[in-house]
Amino acid sequence: MDASKSSKKRKAVTRDVEEEAGVFSGDELQVDVLDGALSDNANDLSSDEDVSDSEIELVDDFSDEEDGDEEEELDSDEIPSDGGESFKKASGTGNARDESSSDEEQLNYRIEKDANGNDRYVYDEINPDDNSDYSDVEENANTIGNIPLSFYDQYPHIGYDINGKKIMRPATGEALDALLDSIEIPKGWTGLTDPSTGKPLELSQDELELLRKVQMNEIPEEGYNPYEPTVEWFSSKQEIMPLSAAPEPKRRFVPSKHEAKRVMKIVKAIREGRILPYKPPTEEEDKEQDVVNYDLWADETERPDHPMHIPAPKLPPPGYEESYHPPPEYLPDKKERKAWEEADPEDREREYLPNDFGSLRKVPGYESFVKEKFERCLDLYLAPRVRRSKLNIDPESLLPKLPSPEELKPFPTACATVFRGHKGRVRTLAVDPSGLWLATGGDDGTARVWELLTGRQLWSVKLSEEDPVNVVRWRPGKDAVILAAAAGDDIFLAVPPIADPKIEKTSLEIIDAGWGYAASKPPPSAAEENKKNVPPQWIRPSLSLAESGVCAVIPLRYVVKSLSWHRRGDYFVTVCPGSSTPASVAISIHTLSKHLTQFPFRRRIKGGGPPQTAHFHPSKPILFVANQRTIRAYDLSRQLLVKIIQPGARWISSFDIHPTSSTASGGDNLIVGSYDRRLLWHDLELSQRPYKTLRYHRKAIRSVRFHPSGRYPLFADASDDGSLQIFHGSVTGDMLSNASIVPLKVLKGHKITGELGVLDVDWHPREAWCVSAGADGTCRLWM
């Protein structure tokens, strides 16, 4: 019975170790400790004081966290008195077992005798490891707390340990011992005395290692990596495009000339002796530099005022409310006093409230006196004062006197006809020279011809399936009916079947005359065709387009946005403003009679960005080319740059030349529309800058146009705000008088679609009528 109990007890506090296990659970287990425990203390488990610390460590090393959960907690009262004898027998038999066996049972308790002589099981205290939050006080630690050791100077001990025993004062060596200790310095020696123990203070190995790392500028913490990859919390998203693709400037790689000049100045000054090395001043020089005290009242003569002296303005005289005994009507009542006190100091009408003191001797000091004087001094010191002579001028007299719009009629005032049929935006329109037909082009890729007065559609052709028709223009002259339309990167020349057969036949002959000239030229070689600046060859249209009236196609390979005819009808210029268009092929001039295309510019126009539009002068061999910010005039006969016009706009959208521009009519006049909502009038005889700048639109201006005949001095502009504005602009031949500009009418009727309003405008050649094309898919005739 006793043997079974003791065996159960051993199972509760120990665990078996497999024979193949080569590694114990405790890292601190040592072989010499294990041998000593088995050889010396195996038969002496019942003694009280013979159990060594090595056995305790051995039991702790063999114990495991998992086994600790399964162990049963045993108290000394639960163990019977005869359990000790059975345990002794079991322990005696255990010594006879094989020492190499891994089934050794280690005990974590010892047997002592209680007061009645019975066996008492005393369990060892648990030693927490480094990961535990609990730590026991060392047995020899001084536990007196924060009390100074000077209190124990008259006692042989210096404190008490955890068990209440006295800690005796360590013996002090003689001077010879101190000398020997200083010669043979032990590891961790500091030369200091530990105040808690009275012994020499020695540093541990960990403290020495910490000091070594600090001295060597190393990181004290183990496993810390100071070069971990940076975590970009706010800029971790990779940017594909650079913030600035500008090339590095040359000044980054060339020595600074500015600094070289400054250095040479200093070198020259040193050579000339103007810059001397520093020398400490002598006592005589210090005496010469002493501060001299001047008598402030030595010269009391009055000095004349400065010529620019302006006397300070006088203070206003005091009123009745500032009197110490004001009339009763100036005294505030309770409501007014409360409102004044609750108001903000900046919102008060006055800085004080009138009071009635009865007599002058009862008047106290004014609390805001110093503040008011200080603010007045600040005003006199900081605020500039200027003498001004007042001019009595009527503002109305400064404005120019404009004639009444009723005196400048006729001009369009109302919508007469609406043209509907396009799907999507109507990008362009043009009225033919006879004034009978209207040609339009839109996003649906079709070019249509309408009867102007009735709005009836007469002819339509599908020029492109994907690309919109960007521009349509009639050939000048009434002898032929030829329509030029640009869709995508092709230009189409068509003869709509709307005129009488004689005019239609003449139109076909004009276009067909160029095929013979083109056939006489040798075809370009394969190497020339691969070049980008090779002029394109005019080709015949497809069968479906030929049946619709298209006679010739010019493949430019780049999108055309502008087309303008010469006044004689044999030349027209086109502009491809795309950013991907090479500079040498952006502007092209086409000859109708020869079926010839030429690129007059070899390089991109300097300054102002890519070209936007171009027009021929109505009476001179001059070509005007506009890029984003400037307009350049080229003399085609002399092949020279004549003039550079600077409108000052951010982005030029369109421009037009006055039809009567010549030296006889007072010089050339232009109007320029820009995407920054400005309409600019240029008189080239006055300046390259704008003569007038008109800002009447809320959005970008898309198109501007003069009336083609000199009969009506009218011009109009079209804007994305859905409105057209009609102006009167008269130009006289007198060089001493300037052009007069009068706003006449604002025409509204188009709906804003997709942030776009009116895209194009054109005038009737003989009447004061205009036609507009809108993004809402309609065209309107204004009369």
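A Cβ is built for glycine as well, from the same backbone N, Cα and C atoms used for every other residue.
Over in Swiss-Prot, the protein carries these features:
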- 1-133: region 'Disordered' (REGION)
- 1-12: compositional bias 'Basic residues' (COMPBIAS)
- 46-80: compositional bias 'Acidic residues' (COMPBIAS)
- 110-123: compositional bias 'Basic and acidic residues' (COMPBIAS)
- 302-352: region 'Disordered' (REGION)
- 313-330: compositional bias 'Pro residues' (COMPBIAS)
- 331-352: compositional bias 'Basic and acidic residues' (COMPBIAS)
- 421-460: repeat 'WD 1' (REPEAT)
- 464-504: repeat 'WD 2' (REPEAT)
- 555-600: repeat 'WD 3' (REPEAT)
- 606-644: repeat 'WD 4' (REPEAT)
- 647-692: repeat 'WD 5' (REPEAT)
- 696-737: repeat 'WD 6' (REPEAT)
- 753-783: repeat 'WD 7' (REPEAT)
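Among residues of the same chain six or more beyond the repeat 'WD 4' (606-644), those with a C-beta under 8 A of the stretch's C-beta atoms are 561-562, 564-567, 571, 573, 575, 577-579, 581, 583, 586-587, 600, 650-662, 668, 670, 672, 684, 688. Long-range Cβ contacts of the compositional bias 'Basic and acidic residues' (331-352) within its own chain (Cβ-Cβ under 8 Å, at least 6 residues beyond either end) map to 321-322, 366, 368, 372. Note: the repeat 'WD 7' (753-783) comprises 0 helix, 18 strand, 13 coil (DSSP; helix = H, G, I, strand = E, B).
Broken down with DSSP, the repeat 'WD 1' (421-460) shows 0 helix, 22 strand, 18 coil.
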